[in-house]
Amino acid sequence: MAKNLLRNALRTCMRGGMLLSAVTFMAHGAKAQDGAADAQIERGRYLAIAGDCLACHTAPGGKPFAGGLDLKTPFGIITASNITSDRETGIGSWTLQQFDGAVRHGKSPTRYLYPAMPYTAYVKITDADLADLWAYIRTIPPVSNRVVANKLPFPYNIRALMIGWNMLFFNRSPFTPDTSKSAQVNRGAYLVEGLEHCGTCHTTKNAFGGDTRAAYQGTSLQGWYAPDLSNNTHTGLGGWSADDIVTYLRAGTNRHTAASGPMTETIENSTQHLTDADLQAIAAYFKSLPQRTVTVPTPLPPGNRQMMTGAREFVVQCSACHVSNGAGIANMIPTLQNNPAVNAPNPDSLINIVLRGTNGPVTAANPTGAAMPSFGWKLHDDQIAGILTYIRNSMGNAAPAVLASDVGRARKAIDAQQAVWH
Amino acid sequence: MKRRDVIKGGLVLMATSTLASIYKPAYSKTYVGGSGAWRATPPPPLSVVDGSRLVYLTADEARLVGAIFDVLIPADELGMGATEAGCVTFLDHQLAGPYGTAAKDYKLGPVVEGLPQQGPQSIMTPAEIYRKGLAEFEQAVHAKFDKSFTDLSEEQKIAFLKSIESGAIAFDTLKSDQFFVLLLQNVREGYLADPMYGGNRDMVGWKLVGFPGAIYDYRDWIVSKRGKKIDIHPISLLGRA
Amino acid sequence: MNYKRPKADVVIIGLGWSGSTMAEELTRAGLKVVAIERGAWRDTSTSFPTTRDPDELSGSVRKEILQAPVTETYTVRNKVGQTALPMRKYHNLTLGNNVGGAGTHWAGASWRWLPFDHQPYSHVMQRYGAGQLVDGLILQDWGVTYDDLEPFYDRFEKIAGTSGTAGVVNGQRQPGGNPFEGSRTAPYPTPALERSRANVLFAEAATRLGYHPFPVPSAMIGAPYKNALGLNLAPCTYCGYCQLYGCGNWSKSSPNICILPVLMQRPNFTVVTECEVIRINTTPDRKMATGVTFVDSDGNIGEQPADIVITATFTLDNTRLLLLSGISTPYDVASGQGVVGRAFTFQTLSWGFMFFENEYLNPFMNTGALATQIDDFNGDNFDHTGLGFIGGAGIQSLSNQGLPIGMAGLLPQGSPQWGKGWKQAFQKGYQNYAQIQGQGTSFAHREQFLDLDPTYKDRFGQPLLRITFDYNENDRRSGRFIRDKCVEIAREMGATQVGGDSFADRPYSGYTPWDSSHVQGGVVMGEDPRTSVQNRYQQNWDIPNLFVLGASSFPNNAGYNPTVAVGATTLWTATAIKDLYLKNPGPLVRL
């Protein structure tokens with residue numbers, strides 16, 4: 001028995017024993033191949049993590065990559081497809097060319113894809129990386145799961161519309177290195193614009209869902225405001241060092257903040273698994289973006305009625321975790337002082353977090369996972385509006401007031417609970 | 001197999017040789033590492049009791065309890081009395097819930113009287129004790145004064161309660177002094193618990209002693225207010241600051 | 001219906017401090033570990049968030065976080081010949097009832113025990129001789145010393161983020177700390193908490209009397225801290241909803257925040273919740289444990305086979321499980337033979353109660369262990385010659401209660417308990433009441449023991465555990481001695497009304513207000529199989545793949561809270577399993 005125990009112990013140790021779910025699964029997905037093929041699959045596995053394919057192509061509680069997650073877009077629900085190697089319901093019968101068509105050109109063998117699949121970003125993927133990715137995807141064990149991909153209402157359910165959309169909004173140009181920038185910045189740009197598809201959430205979309213020119217300047221989607229990543233200290237990453245960015249993407253927390261909402265999953269599933277060199281490259285890229293000037297509003301005076309009630313509510317409801325001066329706890333509880341996310345022109349994320357709470361990021365670098373509880377059941381719209389207005393106009397912040405009606409609309413939109421107290 | 005069968009069968013000696021391979025019970029949960037963040041089942045949100053109608057006590061019982069409570073915690077210049085503060089509503093809802101049914105108590109027999117240090121052995125629930133205790137209380141009042149407790153003068157009420165507290169006036173079956181202890185405990189609870197439970201109206205009990213209520217952070221005061229008076233309007237769990 | 005789970009390398013019964021500490025060690029070593037827990041999963045932001053936590057009624061009054069007597073209780077009698085009766089209502093043994101165990105709601109006092117506490121027999125014999133012991137007292141060494149455990153005390157403190165001021169580091173006295181403590185290799189991971197007003201008055205008075213006050217080390221994190229497992233902990237906010245409450249802001253160390261988030265990332269760890277283990281299974285010859293049998297929430301019986309069985313339940317339940325499973329020899333009070341249930345101890349509490357005239361003690365600003373203590377009369381830190389007892393107490397100003405329902409009866413002597421007079425007395429008393437606790441040692445006695453109750457059963461029909469306990473003469477003598485010290489300091493603090501009490505002067509009861517919850521022993525570790533159930537590694541003498549963790553292993557109780565000593569002995573045993581047992585399974589101590 002002892003031999004057994006010891007052997008088990010050693011075996012698990014060698015496996016690593018502490019890998020996260022996605023990685024564990026992916027490791028199992030790879031079949032034994034010869035050395036070169038193994039290396040290619042391994043590279044592809046890494047790229048799949050960078051591209052966070054798992055996040056959309058796996059339904060809650062479903063088999064990995066077997067599809068079925070409903071993506072709620074402004075145009076209706078699009079369901080992610082089954083990309084396992086099942087020949088009937090997955091992509092087991094595809095060729096590399098067909099895979100390329102879907103990933104980089106938005107066209108499967110039978111139909112046009114919707115840009116919920118970020119082919120507008122993936123078009124930047126190099127041929128070599130695409131081949132590696134395909135080598136890995138082919139090793140995913142088949143899962144039979146037929147997905148009804150298109151639940152859009154008319155006219156968006158007409159896939160042929162995408163031909164016109166692509167003409168207007170799909171920039172098919174591949175990634176072109178900027179020779180005036182370092183190799184590191186170019187590597188960062190390649191990852192950010194391509195596989196990591198940061199702009200999918202962080203770049204403002206036009207009425208048709210196409211990117212505007214306001215790259216990485218933040219935008220609202222599904223009840224969340226993906227914050228400004230541009231180089232300004234008021235609402236963007238201007239005040240963050242490259243190390244802050246790296247730490248955030250690896251741990252989900254840093255000395256300023258903790259991830260919340262959809263970014264939590266992106267970090268857990270994707271960015272925490274990137275190599276240090278790639279994280280440094282991403283940081284270098286963001287730090288290389290041009291300085292952007294934003295107009296900083298004048299904060300509301302402390303005597304403002306909302307400010308006064310907000311200040312009182314803050315002490316009672318918020319200070320236990322965020323500290324009475326808003327300083328927070330490094331790597332755990334976000335500071336509210338001089339916080340760009342607090343200054344966001346659009347308070348959607350702030351309202352969402354207060355109403356429903358948010359899970360903290362759980363990463364190998366910081367497994368703490370300190371979460372914020374929901375306050376929607378406890379606080380009324382005007383209380384939440386007062387607290388947020390106070391935070392947004394004190395502690396070094398300045399941003400437009402939040403109205404009770406904003407909170408009320410959000411409460412309805414994200415289906416948050418009504419307050420129980422009258 | 002149903003739970004009652006297990007109990008009946010005395011599973012202690014039951015063999016476990018005939019085992020099915022995998023079975024997933026309804027409530028027991030298995031959490032496997034590496035499968036993401038684990039979250040508990042959220043408890044239902046807190047809510048405020050509805051004091052507009054009685055849920056356990058009868059109207060007569062509520063009147064009697066109110067009269068007793070107002071002697072135990074009277075209205076005066078330090079604040080409102082127990083009934084006005086909602087202590088009867090508080091008790092009514094407590095008796096209708098798990099407290100009233102003593103849901104957490106060990107109730108298996110044999111039930112025998114023990115030494116005082118062995119603790120209470122009765123398996124009567126608070127709800128049962130109030131039903132019987134209030135009736136016996138009123139009988140004892142009638143036996144002495146030939147009227148209801150609510151009709152006694154303030155001095156008579158105080159004197160009567162003192163003789164209940166000491167056990168000098170006995171009830172038919174219940175121990176009068178123990179019933180008094182329960183009354184006193186519950187009226188204090190009603191006067192001092194969070195207002196969402198029906199009592200402590202306007203946080204009158206907290207204001208009496210200067211208790212700040214549902215505050216979760218005293219870091220700014222632990223040193224700066226050490227030994228000093230703190231003037232703060234208390235806050236209830238579901239209240240507004 | 002019955003079922004069998006896949007075999008594990010290790011099954012751990014109970015996922016409190018000991019269980020999760022052990023699970024972390026063994027999963028990190030690569031073993032496949034299954035924990036079986038009677039309660040449900042609990043996490044901070046869902047189960048006790050700040051949005052609902054500050055509620056005295058559901059917390060310390062209705063005690064909703066505790067394991068209820070309906071789930072399991074104990075019967076109690078003071079001596080052989082009496083009929084033991086069940087504790088039907090919530091009693092002083094504040095039992096954990098969830099993943100995290102009592103480590104979720106505990107008060108948080110985080111002590112390393114004195115070197116004396118680990119070797120009381122050797123120490124007393126050397127300094128005083130057998131004549132110091134009252135008749136019937138059981139005194140024995142643990143088989144493991146403070147020096148053996150020091151690295152594990154240190155490690156556990158760095159898991160828990162313990163706050164405190166060191167008194168002795170590498171043999172050097174440190175200002176402000178406990179001069180009597182065993183030498184540490186490192187200071188506390190986080191700084192001591194700020195003192196309450198009552199703590200300050202105590203410290204000043206104790207200093208004037210020539211004693212050595214120091215802050216009680218605690219689970220309330222003193223500053224932001226990344227613990228030994230890489231988990232972040234936040235600083236305590238003195239909210240006062242502490243003992244009998246889960247902590248809503250990651251500032252009271254608990255398995256839930258200090259260990260479980262790391263454990264839950266490991267694929268070789270599984271916890272099965274809401275399942276109650278009813279028996280440890282053994283081979284027919286009782287030479288090896290084969291796993292455990294449990295009842296799930298549907299009343300079905302499951303079996304979890306494993307190569308190693310580790311019991312990490314509450315102290316009393318550890319004893320009960322061994323008795324129910326027929327493992328090792330039960331203690332027989334008549335003959336004094338047998339070991340399971342023997343060497344059962346409680347604690348000997350003494351108090352000084354006091355009221356001031358015009359203070360603002362602001363009692364609501366507190367923690368479960370906001371205390372300043374002197375150890376001048378603890379353990380064997382003072383000369384007992386001629387005193388007729390051994391041991392003593394940690395004497396502390398304890399600011400752990402400021403919630404109004406709990407304080408409504410704490411009034412100066414002669415005050416009315418109701419009516420207008422009560423309102424006046426309560427208004428004044430609330431800001432002017434302070435207390436000094438003497439948390440006293442307890443040494444085992446041949447007439448104090450645990451066995452199975454002949455009459456009362458649990459909900460599954462299994463016998464309850466029976467406690468036969470009363471204070472012995474050593475307790476009474478030490479209790480009065482400590483009470484007088486408490487009163488002496490209370491007077492020096494300037495209180496206008498001072499009272500004292502020694503609980504050992506009355507028969508033991510599980511319902512005495514302000515009493516200890518620390519029962520210990522029953523499955524003690526030691527050097528001799530005739531007087532201990534397990535060897536110095538908490539390994540069963542008869543069954544080498546069975547380890548029982550917790551304060552049930554301690555043959556004597558200290559003038560301290562037990563949690564950190566439990567953590568240290570658990571880590572000590574985990575290391576023995578990893579470094580010794582896995583390489584060469586079998587008895588780790590051969591006689």
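Just so it is clear, glycine is given a Cβ too, placed from its N, Cα and C backbone atoms.
Any TrEMBL annotation is an automated prediction that lacks curation.
Feature annotations, courtesy of TrEMBL:
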- A:C53, A:C56, A:H57: heme c 1 binding site (BINDING)
- A:C198, A:C201, A:H202: heme c 2 binding site (BINDING)
- A:C318, A:C321, A:H322: heme c 3 binding site (BINDING)
- A:39-141: domain 'Cytochrome c' (DOMAIN)
- A:183-290: domain 'Cytochrome c' (DOMAIN)
- A:305-395: domain 'Cytochrome c' (DOMAIN)
- A:1-32: signal peptide (SIGNAL)
Members of the binding-site residues set A:C56, A:C198, A:H202 whose C-beta sits under 8 angstroms from chain C: none
Rounded Cα separation (Å) that holds between A:H322 (heme c 3 binding site) and A:C198 (heme c 2 binding site): 28
All-chain count of other Cβ atoms within 10 Å of A:C198 (heme c 2 binding site): 23
Cα distance (Å, whole number) from A:C56 (heme c 1 binding site) to A:H202 (heme c 2 binding site): 17
Mean predicted confidence [pLDDT] for the domain 'Cytochrome c' (A:39-141): 89
Listed in sequence order, residues not in A:C198, A:C201, A:H202 with Cβ within 8 Å of the centre of the heme c 2 site Cβ atoms: A:H197, A:G199, A:T200, A:T203, A:Y216, A:A226, A:L229
Inter-residue C-alpha distance, A:C321 (heme c 3 binding site) and A:C53 (heme c 1 binding site) (nearest angstrom): 34
Distance [Cα-Cα, Å, rounded] between A:C198 (heme c 2 binding site) and A:C53 (heme c 1 binding site): 13
Around the Cβ of A:H322 (heme c 3 binding site), the count of other Cβ atoms that are within 10 Å: 23
The domain 'Cytochrome c' (A:183-290), counted residue by residue under DSSP: helix, strand, coil: 49 helix, 11 strand, 48 coil
Length of the line joining the Cα atoms of A:H57 (heme c 1 binding site) and A:C318 (heme c 3 binding site), in Å: 37
Count of other CB atoms lying within 10 Å of the CB belonging to A:C318 (heme c 3 binding site): 23
DSSP state at A:H57 (heme c 1 binding site), helix/strand/coil: helix
Cβ-Cβ distance under 8 Å to A:C53 (heme c 1 binding site), same chain, at least six residues away: A:F65, A:I83, A:I137
The domain 'Cytochrome c' (A:305-395): DSSP-derived helix, strand, coil residue counts: 38 helix, 4 strand, 49 coil
Rounded Cα separation (Å) that holds between A:C201 (heme c 2 binding site) and A:C56 (heme c 1 binding site): 14
Count of other CB atoms lying within 10 Å of the CB belonging to A:C321 (heme c 3 binding site): 25
